[in-house]
Amino acid sequence: MDLDYNPSRKSLIKNRWVATAASIWIQCTSGSLYTFTIYSSILKSTQGYDQSTLDTISVFKDLGANAGLLSGLLYSAAPGRPWFVLLAGALQCFSGYFLMWLTVNGALPRPPSAVMCFYMLLAAHAMTFFNTANVVTGVHNFPNYSGTIVGIMKGFLGLSGAILIQVYQTIFKNKPSSYLLLLAVLPTTTSLLLMGFVRVFKTNEEDEKRHLNHFSFLAIILAAYLTAMIIIQHILKLKLYIRVITFVLLMLLLTSPIFVAIQAQRDKSYRLLKSLLEHNQVSDERDLPAEEGTSMGQDHGEYHEALNGTTDDTLELREDLNLLKAMGTISFWLLFFTTMCSMGSGLATVNNMSQIGESLGYTTLEINTLVSLWSIWNFLGRFGAGYISDYFLHVKSCPRPLFIVITLAAMSIGHSMIAFGFPGALYVGSILVGVCYGSQWSLMPTIASEIFGKAHLGTIFNTITIAGPVGSYILSVRVVGYIYDKEASEHGGACIGTRCFMLAFIIMASVTVSGFLVALGLLLKTRNFYKHVVLRRLLHSLRHSMLPVDDLN
């Protein structure tokens with residue numbers, strides 16, 4: 001119960017539910033990096049780049065998107081002021097894309113390729129500021145359901161690429177230079193308008209999970225709608241008025257989070273008034289309800305036993321670990337290695353999806369559909385892993401690293417299926433790899449917050465994220481690219497058949513198996529920590545959120 005709550009007009013717009021809706025909208029416009037293929041062609045044609053130079057610009061895009069240490073440091077330096085991080089991201093986003101747009105349109109002289117790489121790095125780096133501000137604020141606002149809120153934020157970010165593509169196809173189709181201007185203006189404007197609502201609120205509510213489930217349901221509906229649109233657009237040529245209608249429906253879906261926020265705040269007002277009127281009558285009924293008391297797989301006796309002898313110091317264990325202290329632990333490097341294996345192999349797969357499809361004889365339509373649907377599988381992993389791991393943590397007391405073990409095992413199967421290339425293997429394999437790749441984006445930050453604490457979460461999880469492009473470079477360039485070029489050179493410059501990628505994907509399957517073994521070590525190492533610290537802290541927080549007003553006073 002929030003003791004400082006005051007049902008005033010200000011509280012209707014300044015609360016964590018509105019903050020969550022604002023963060024979702026910012027995330028929905030922050031996925032410009034997933035649409036690089038739309039404007040890469042105009043960069044290449046107007047600037048006279050060859051494919052190698054364009055690939056170099058793409059590398060700087062990936063580097064900027066994953067080098068989030070500065071955003072984490074800024075968030076730690078300005079605690080409680082995520083708007084400052086969002087402002088820094090908005091300035092970078094506008095500067096990078098606006099300079100690219102001016103260059104493409106000839107308003108600026110053609111720069112050296114190194115300068116264009118800087119523009120791309122600046123624009124991509126903005127995404128880490130948006131992501132850090134929204135994810136870390138969400139974890140602070142919903143500490144009892146950190147997996148769910150991280151999954152929601154990462155999930156909407158995963159869908160943002162598909163959302164922006166719909167905007168492009170409806171308004172700017174065949175106008176990639178105008179789309180560059182949109183990327184400069186839309187994310188910047190959205191962040192500037194909404195950054196004042198994204199704040200940390202130190203409150204707990206007994207039914208917060210129900211309203212988070214509503215946000216989750218909206219994410220699933222949006223993903224299903226986008227999936228249907230992607231498939232239909234790849235099969236049929238839609239007329240303009242139909243594209244406009246589908247776009248309007250998409251915009252209506254995107255406005256729905258605010259209605260969840262309004263309903264959540266109304267429920268809070270009702271509960272507070274009811275509690276103030278009835279707390280004298282229920283003073284003898286202060287224990288948790290049976291279903292809540294057993295939601296962690298424990299009865300009331302076990303619940304009190306878990307809290308007995310648990311001091312505030314124990315509950316706050318490791319809350320103050322900064323980046324350097326975290327890097328001094330074995331758990332940090334185990335998490336870093338599993339991230340390198342999972343994200344690195346996932347990026348290597350999606351970066352080579354077109355070439356894999358061509359070598360296995362898939363049609364252009366099938367390849368384009370596979371590439372487009374990757375963002376949906378990515379979303380399902382981001383959202384599903386956070387939600388499901390939260391459920392099993394609360395109900396079965398399962399440590400969250402267990403789900404990294406499971407997803408890496410499934411990822412190994414997906415890579416193996418692609419390697420042997422039997423009919424339909426690329427469909428099933430890409431789904432497995434895409435879902436498991438996306439899951440790491442919600443599991444890793446959540447586990448980092450639980451093991452190392454929330455105080456410096458931005459710097460810690462952004463540092464671990466660097467493992468992704470490191471693994472991608474090794475596997476994409478030194479493994480997949482090298483083996484493919486070798487096979488192609490032996491067959492007149494072209495490579496057809498399973499031999500093109502079989503060895504590379506067997507190696508990637510082996511890499512994910514090694515990540516599976518390391519994740520198993522992380523699970524065994526942190527099992528007792530989850531049992532004695534994380535679960536007790538969670539129980540303590542849940543019990544506190546359900547106490548009557550007079551008890552809290």
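Each residue, glycine too, has its Cβ placed from N, Cα and C.
As written in TrEMBL, here are the features:
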- 16-262: domain 'Nodulin-like' (DOMAIN)
- 327-530: domain 'NFD4 C-terminal' (DOMAIN)
- 17-39: transmembrane segment (TRANSMEM)
- 83-102: transmembrane segment (TRANSMEM)
- 114-133: transmembrane segment (TRANSMEM)
- 145-167: transmembrane segment (TRANSMEM)
- 179-201: transmembrane segment (TRANSMEM)
- 213-232: transmembrane segment (TRANSMEM)
- 244-264: transmembrane segment (TRANSMEM)
- 330-350: transmembrane segment (TRANSMEM)
- 402-420: transmembrane segment (TRANSMEM)
- 426-448: transmembrane segment (TRANSMEM)
- 460-484: transmembrane segment (TRANSMEM)
- 496-524: transmembrane segment (TRANSMEM)
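Per-residue pLDDT, averaged across the domain 'NFD4 C-terminal' (327-530), gives 91.
In this chain, the transmembrane segment (426-448) touches the transmembrane segment (145-167); three or more CB pairs sit within less than 8 A of each other, excluding pairs fewer than 6 residues apart. The list of residues near the transmembrane segment (496-524) in space but at least 6 beyond its ends in sequence, with Cβ under 8 angstroms from a Cβ of it, reads 331, 334-335, 337-338, 340-342, 344-345, 348-349, 352, 355-356, 359-361, 399, 401-402, 404-405, 408-409, 411-412, 415-416, 418-421, 471, 475, 479-480, 483-484, 487-488. Remote same-chain residues near the transmembrane segment (244-264) are listed as 12, 15, 17-18, 20-21, 24-25, 28, 163, 166-167, 170-171, 208, 211, 214-215, 218, 221-222, 225-226, 229, 238 (criterion: CB distance under 8 Å, separation of at least six residues from the stretch ends). When Cβ-Cβ distances below 8 Å are used as the criterion, the transmembrane segment (213-232) is approached by residues 20, 24, 148, 151-152, 155-156, 159, 162-163, 166, 238, 246, 249-250, 253-254, 256-257, 260, 263-264, 369, 372-373, 375-376, 379-380, 383, 387 of the same chain, each at least six residues removed from its ends. Ranked by Cβ pairs under 8 Å to the transmembrane segment (17-39), the stretches 83-102, 179-201, 330-350, 402-420 are led by 179-201.
Count of Cβ pairs under 8 Å against the transmembrane segment (426-448): among 114-133, 179-201, 402-420, 460-484, the largest is for 402-420. For the transmembrane segment (460-484), the residues of the chain that approach it from at least six positions outside its boundaries are 62-63, 66-69, 71-72, 128, 132, 135, 321, 323, 326-327, 332, 335-337, 339-341, 343-345, 347-348, 351-352, 355, 444-445, 448-449, 452, 495, 500-501, 503-504, 507-508, 511, judged by C-beta separation under 8 angstroms.
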